[in-house]
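Sharing a structure below in C-alpha cells format, with a few things to ask.
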Amino acid sequence: MTTKRTGRTAAKPVPSLRPHVLVLHGPNLNLLGSREPKHYGLATLDDINRALVARGETAGAQVETYQHNHEGALIDRIHQAALDAVDFIIINPAAYTHTSVALRDALAAVAIPFVEVHLSNIYAREAFRHHSYFSDLAVGVVSGLGAHGYELALEYALRHLQNRTPHGSQKTQKAH
Ligand code: CA2
C-alpha cells in the first residue's frame, strides 16, 4: 500500500497493483543442500530464494522470503504479512505441516490466499507425514517436485494476481 498527497487533502491509502508475495520456510529448511539430498535435493535455501526473487523482479512483483525454526516467529511473520498488505503466501511449513494448529489458525486469521509446498512427496513417506493441517485451507498443494515446486507455486501466484482489478477482486475467468 502506498500513500498519495494531493493539495490540502489528507493522505489516502492507494491500493498497489504490484503483486506482493511472501515465501515462508519452516524449521530445518535452512539446512537444505547440506544433508538428506535424497528427500530434499541439492539446492540450498539461498539458491531457491534467489531464483524466486529474480522471477518476481522479472514479473514486476515483490517477492520476500523468510525462514525460521520457531513456530511463534512464523506466526508473527504471517500477522505482519496482513499489515504489509501481502497478496499471496507460498509456505513450506516443514514439520509444522503435521503438527501446528497455531500456524494454521494464523493463516486462517489473515485470510491471505496461500499455496502449500513440499520438496518431497509427503504421501510417499511415513504415515505421520500424510496429514497436513494446511491443505484444506490452501488454494493448492505442490508436493514432491523438489525446488521446482516453489517456482510453480510462484507462477500460479503471479498469474492469479495479474487478474486482479484495482479494487482487489478477481476478473471473471473461464479457466486458469
Ligand atoms: O518435503 C518437504 O518439503 C517437507 O515439508 C520437509 C520437512 C518434513 O518434515 C515434511 O514432512 C516435508 C522437513 C524439512 C527438513 O529439512 C531438512 C533439510 C536438509 C537436511 C535436513 C532437513
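Don't overthink the numbers, they just go from 1 along the chain as shown.
Quick reminder: no glycine exception, Cβ is built from N, Cα and C everywhere.
Keep in mind that TrEMBL annotations are predicted by a computer and have not been checked by a curator.
Copied straight from TrEMBL:
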{"type": "ACT_SITE", "residues": "TYR40", "note": "active site, proton acceptor"}
{"type": "ACT_SITE", "residues": "HIS118", "note": "active site, proton donor"}
{"type": "BINDING", "residues": "ASN92, HIS98, ASP105, LEU119, SER120, ARG129", "note": "substrate binding site"}
{"type": "SITE", "residues": "ARG35", "note": "site 'Transition state stabilizer'"}
Restricting the comparison to the recorded positions HIS98, ASP105, HIS118, SER120, ARG129, which residue's C-alpha is spatially nearest the C-alpha of ARG35 (site 'Transition state stabilizer')?
SER120
Among ASN92, HIS98, ASP105, LEU119, SER120, ARG129, which the record lists as binding substrate, how far apart in Å are the two most distant Cα atoms?
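If we measure all Cα pairs in ASN92, HIS98, ASP105, LEU119, SER120, ARG129, the largest is 24 Å.
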Which recorded positions are spatial neighbours of TYR40 (active site, proton acceptor) here, meaning Cα within 10 Å, out of HIS98, ASP105, HIS118, LEU119, SER120, ARG129?
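Taking HIS98, ASP105, HIS118, LEU119, SER120, ARG129 one by one, the ones whose Cα falls within 10 Å of TYR40 (active site, proton acceptor) are HIS118, LEU119, SER120.
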Counting only other Cβ atoms and using a 10 Å cut-off, which of the binding-site residues ASN92, SER120 scores lowest?
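Relative to the other binding-site residues in ASN92, SER120, SER120 has the fewest Cβ atoms within 10 Å.
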Which of ARG35, HIS98, HIS118, ARG129 (the recorded positions) has the most other Cβ atoms within 10 Å?
HIS118
If H, G and I count as helix, E and B as strand, and all else as coil, what does DSSP give for LEU119 (substrate binding site)?
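DSSP call for LEU119 (substrate binding site): coil, neither helix nor strand.
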How many whole Å apart are the CA atoms of HIS118 (active site, proton donor) and ASP105 (substrate binding site)?
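So the Cα of ASP105 (substrate binding site) lies 20 Å away from that of HIS118 (active site, proton donor).
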Three states by DSSP: which one describes ASN92 (substrate binding site)?
strand
At 10 angstroms around each C-beta, which of the recorded positions TYR40, ASP105, LEU119 has the fewest other C-beta atoms nearby?
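Fewest other Cβ atoms within 10 Å, among the recorded positions TYR40, ASP105, LEU119, is found for ASP105.
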